[in-house]
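S.K.: One structure, as structure tokens, below. Some questions next.
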Amino acid sequence: MFKRLKNIAGRRKDKARLSKKDTLASQKREKNKSVQSSVTDNLNLFKQIYKIPENMDVKIREFTLGKSGRKAAILFISSIIDSKRLEESIIKPLLQCQDDDAKISEIIFNPILTPVTEIKKVIVHLNLGNAAIFLDGDHTAYMVDCAKFESRAIEQPQNEAVIKGPKEAFTEKVVVNLSLIRKRIKNEKLIVEATVVSERSKNEVLILYIRNLADEKMVANIKSRLENLSVDAVQNLSLLEQYIEERRYSLFPSVLYTERPDRAVSFLEDGNIVLLMDNSPDCMVLPATFWSYFHSPEDHYLRFAFGNFSRIIRIVALFITLFTSAIYVAVTTYHAEMIPADLLLAIAGTRERVPFPAFFEILIMEIAFELIREAGLRVPNPMGPTIGIVGALILGQAAVEANIISPIVIIVVALSGLSSFAISDVSLNFAIRIVRFGFIFSASLFGIYGMTALFITGLFYMVSIKSFGVPYLAPMSPHYVSSGDTIFRKVVTSEVFRPGYLKPADLKKKGDGSTK
Amino acid sequence: MKQTKGKMGIREFAAILFLLIGTKITDDTPTYLYSGAKNAAWISMLLISMALIIPTILLLKVLSVHKGKNLHEINLYLFGKVIGNMVSFTLLILGLLTIVMDSSVYVDIIGTMYFTKTPTIAIFAVLMCVSAYGAKKGVEHIGSVAWLVFFYTKVTLIVALFFTFKEGNSKLLFPILGPGVGGIVKTAAQKLSIFGDFFYAGLIAPFVATFKDFRRGMFLTYLILTVELTVALMLFVMLFDFTSVEILNYPFHETIRYIQIGFLTNVETLFFPFWLVATFIRFSFYIYLFVLLLGGIFKIREFEYLIPLVTVIFILLGIAPETPLITISENRDMTLQVLSPLLFVLPCVMWIIAKIRGDFKNESSV
């Protein structure tokens, strides 16, 4: 009975689906035709495909050519073309032409002109912002490049600001990003390959690598991973990351984002692969190791000592973020003897009137801090500072006075919260902040023993994970030949090797910086 | 330069050995030496090291002509299927005893010295689960982690020993021969197995990238560990004198309770995490070796899947004795004494058989 009902219901559903005309399949079917010789036929077909005139920005301009009055038409999507260029270099010369035998390529001023015979390809060009010229009695459509997608201008990097060094950042326009990279690498071996990754929206990903540096197996691996993707739409790199990464549930990120072209270029020159996409004001660097999240481009722009000084500060900040709160819980709960007596008395004195165990106290404050942080991010701009003041100052002060929290806890949590801002990479920042809670829990359960247990488990996990075949903590462990750019960096002239874990075709960099 | 998949370099291999044997100075091993050789325990240690150099070289010789085979496979090859399996099985049983007793000792250290109120089983479970997780990741990852933490553990150990030296009194080392030559030699002969892990390291010989790395790693760690253990044994005596150091079960942990660094009066919790890290790695490696050998003997190819089961057995066996300190120390003493002659004789026998079989003939051409 139920089966039958289900069958009926199912059949109905199927029928309903079939009766729908506008499916992806029908969309494909329409395209598998070739350009007709009659302009009217062509235009009718395209009117059907693009649903003109309901589709308001797809425009057709019909006119006659030369003395004989040969019928012609231009088809374009007005919102993504440069109308001035279209007018100057295409329409004007076409209208002014009096010679009947002249070929299109002799009339038009535009540098890029592609003759196309398949409807499928015409559509691809049109969607990319090209204009199509149809002529009566001609089986080809002439595609002229006059695309102009609106986007921001090049601005300063927002998340990876530096004091010393270039201040250009990627924008949402892939052509601009590409030119920013080409500006830095004037090498014909810098290859830019394009792959379409989505079925419906036809999003395009550019794969950049330097041919005689990058490991070809890795390039092939990444290409095949992109090509085997089956999705409807991938808007930008942040989403693409989640499609191509290996461990989707892992806390640790496996690809690196940077909005700085100089950083992308330095990775390219080491043999990494860079992905670019429209609508992403950043690029994706593959493969990435733990150290690349920890580094900042400024480490290398600053002189040796200064760069390493900021690295020390950062690694200290990282450990403070991870451990201070947990150590406070562990020490006050299990290892009180390790605190010098005076400090111990001070802590005991402030904690005297607080009704909660240390673990709970820390947890309240850590959650409060995360709340303020998240709220501060989402709050409209003019109200931002207010939230900060109310949240951090008044709330903290009042909590202490109300004997909910002891003042030392405020210091501990503020320290760990503040330090977390020293880790600039968003993904690593999140990972560290989440792991911190793990340490607090383990500290409350087993004190230092629990923390060490979690730490070593984390280490085991981190050495075992790989980003596109590269161990996460390479080149430190397992050891590889490299310039040793991990926690510290060397003097620039000593950085003579490319990272061995990338298996670059050319391991040694030419020249050690000394004069010839 | 090229890192082959699943193999480790000399750094990782040496780091494992360092942590494996280096941690012995921090458990109750010194006590066994002190009880026999009194304040001359360090001379016994030197003797052990000198005595074992011959079997170690012989073992390396045998391994060098059977590259790509691990200890068990060589056993099978040299002794034949039946006796080879029996030899390996003996090693397995001794390994089992070592793991069970060592883990109880370490849990006892954590329980009595740091977490007096925490139930033993909880400490045991955490220790074994973390180690099992590490073992599951495989030997190359154990090596990676060992190499990552190697410097920090060694630096903290050196710092601790330095402050011990500052507090210690060098006169307590005299009379230099302690109970006399006889006592020293006897102790050394009975406790040869302190360096037994070098023998077991033969099991992972195929995992090291090149045999050259393996040999160099062995010699390097052998040399440095000899120095490290000897110096530590001297320093403990200098700090406590032989009468009390004999009674102390865990001299290292008493030491870090004793010393002060500047205004910090109780520094043991500073050293504790580093010691724990070494401990976790040590047991990860032990568990890995155990299942490796077990898989070898019983022809279980996917031996990693045995780890959870084996771990549960270890925990159950480990918490079985009710007074671990007394039971374990007796049993441990016995195992050490059984293992000692075996570790001395076995490599020699292996070498002789290999010689008779003519394995070394092609050596010059290799």
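We number each residue from 1, going along the chain as drawn.
Backbone N, Cα and C define each Cβ position, glycine as well.
Residues or ranges marked as transmembrane segment by TrEMBL: B:42-64, B:76-101, B:113-133, B:145-165, B:192-211, B:218-240, B:274-298, B:305-328, B:334-354.
Buried or exposed, and what's around them? Tell me for each listed feature.
M.R.: Residues 103-104, 106-107, 250, 253, 257, 268-269, 272, 279-280, 283-284, 286-287, 307-308, 310-311, 314-315, 318-319, 324 of the same chain, all 6+ positions outside the transmembrane segment (B:113-133), place their C-beta atoms under 8 angstroms from a C-beta of that stretch.
Same-chain neighbours of the transmembrane segment (B:145-165): 11-12, 15-16, 18-19, 22, 134, 228, 231-232, 235-236, 238-239, 252, 255-256, 258-261, 270-271, 274-275, 277-278, 281, 285, counting only residues six or more beyond its ends whose CB sits under 8 Å from a CB of the stretch.
Tertiary proximity for the transmembrane segment (B:192-211) is limited to same-chain residues at least six positions away from its ends with a CB under 8 Å from its CB atoms, namely 3-4, 6-10, 13, 17, 20-21, 24, 29, 33, 45, 48-49, 51-52, 55-56, 59, 63-64, 67-72, 74, 91, 95, 139-140, 217-218, 222, 225, 229, 289, 292-293, 335-337, 339-341, 343-344, 346-347.
With a cut-off of 8 Å between Cβ atoms, the residues of this chain six or more beyond the transmembrane segment (B:274-298) that come close are 16, 19-20, 22-23, 26, 70, 72-73, 85, 88-89, 91-92, 95-96, 98-99, 102-103, 106, 110, 127-128, 130-135, 137-139, 142, 145-146, 149, 152-153, 156-157, 200, 203-204, 252, 304, 306-307, 310-311, 314.
Beyond the transmembrane segment (B:334-354), the same-chain residues lying 6 or more positions past its ends with a Cβ under 8 Å from any Cβ of the stretch are 32, 51-52, 54-56, 58-59, 61-62, 65, 74-75, 78-79, 87, 90, 94, 97-98, 101, 189-196, 199, 360.
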